[in-house]
């Protein structure tokens, strides 16, 4: 009969279980170490550099530094010092190869370096060393997995085990919330954060995390309430001020965004790194002078990005520092690998228009429209400048595009495109445009004037008098205010005088030429015409 396997002596199991118990106890006590508590607090307050310095000092004076090495490496990763962290975890293993947390640290590094297989082996080693019965190690591995979207799903089983081991841990609930959020389950994430808040009412982190969930879904009022709750619990909680700034930016409330971000700068050790965002918020709040002071320093740095230079140019333009803005824009466009956006060319075009450099302005408006053709305001400015500078051939397609953007073209559009057609000798098209203008504005003289001119060009020998009814309508509508319409009336009277002259109607011709002279006694065409009429029998 096959014997069931059993330990020969249950006493042989005791040393093994005792070792596991001692290991778990050591890890648990380590997280309660005042230096560890202090460092984790500094990291939470966005003071990773201070946490690193504190732990470096603690490591140098500790008789058993292995666990401290792990938290030092963890702080270094948070501070963007991954290579140093790698060395630190190795030192931790050298100090005590039976301490599991440093294997977790090395696994985290491997995961960040896309070495998932190596990472899993290291995590599994740490978990095996503690028989998955240490909540601190379970949380550390889970947090590492949460650092990558590809491995986030591995975190939840570990956190469930950690929760069974210690149901009073607020930190476990926070990580459970993070795990739910990693799979886009915002509702369950908030529930976990709320449980964390109940377990540790003095912690700002759960409320900060709740704010992040609602900010992500653009629920501004609830997110604002959560961030303010975090701040009321812990006025030094820098990240809550930072996210409030982002929230107010989302809500397009520039002054509040600036105020919140200034509080963040007061509390973070990363004030220099945050200056660009601060300058951007100042720009949004229309405090251009203050923004420019910051931008001026940022653009001189060797690592200044095209975005930094671009917004400096924007801000200079808004501050009416036009020549400086032009120089900054030119610097921006000349930077290597710049992917200029439609708004960049539009801004530069507006600047050049202010500087009366119309041709360059049109060029940049055109570039902007090539990237985003449906910008009505920029299309309008492009068309206006082309008309102003008598670039009628270019104005025609620009105006067509503008009219195509409107739900219903304006009378001004028909006026402008009619003139563009007129000055490019496209008289049938001009005729159509001015006919539409008269239809839309029957009481305005301008349509009759230009339709008269167009018809005159369609009847160059004045054989049929195509322009006659339009000039007559112009006279009818202008007669009440002849002083305002003097020039147009002279044109209309002259046309009609010439029309009747060709028709050999001396009386009518003389009447209209006399009306011209009544408005302008020195009009040479009218004087000459009257002399010719006098010669006729």
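Any Cβ shown, glycine's included, is placed from N, Cα and C.
For 66-99 (among others), the entry in TrEMBL reads repeat 'TPR'. Beyond the ends of the repeat 'TPR' (66-99), by six or more residues, the same chain brings 23, 26-27, 30-31, 33, 35-36, 39-40, 42-43, 48-49, 51-52, 55-56, 58-59, 105-106, 108-109, 112, 129, 140 to within a C-beta distance below 8 angstroms of the stretch.
With a threshold of 8 Å between CB atoms, the same-chain residues lying at least 6 positions outside the repeat 'TPR' (170-203) that come near it are 135, 139, 142-143, 146, 149, 152-153, 155-156, 159, 162-163, 209-210, 212-214, 216-217, 233-234. What TrEMBL records for 170-203 (among others) is repeat 'TPR'.
For the repeat 'TPR' (204-237), the number of residues in each DSSP class (helix H, G, I; strand E, B; coil) is 26 helix, 0 strand, 8 coil. Annotation source TrEMBL lists repeat 'TPR' at 204-237 (among others).
The annotation repeat 'TPR' is assigned in TrEMBL to 238-271 (among others). With a threshold of 8 Å between CB atoms, the same-chain residues lying at least 6 positions outside the repeat 'TPR' (238-271) that come near it are 45-50, 204, 207-208, 211-212, 215, 218, 220, 223-224, 227-228, 230-231, 277-278, 281-282, 284-287.
What TrEMBL records for 342-375 (among others) is repeat 'TPR'. Within the chain, the repeat 'TPR' (342-375) has long-range Cβ neighbours (under 8 A, six or more residues past its boundaries) at 310, 313-314, 317, 322-323, 325-326, 329, 332-333, 381-382, 385-386, 388-389, 391, 394, 401, 405.
Residues of the repeat 'TPR' (411-444) grouped by DSSP class, helix first, strand second and coil last, total 27 helix, 0 strand, 7 coil. For 411-444 (among others), the entry in TrEMBL reads repeat 'TPR'.
Sequence-distant neighbours of the repeat 'TPR' (490-523) (same chain, 6+ residues past either end, Cβ-Cβ under 8 Å): 449, 452, 456, 462, 465, 467-468, 471-472, 474-475, 478, 482, 529-530, 532-533, 536. Per TrEMBL, the feature repeat 'TPR' maps to 490-523 (among others).
Look at TrEMBL and you will find 1-30 tagged as signal peptide.
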Residue counts for the repeat 'TPR' (490-523) under DSSP, helix then strand then coil, are 27 helix, 0 strand, 7 coil
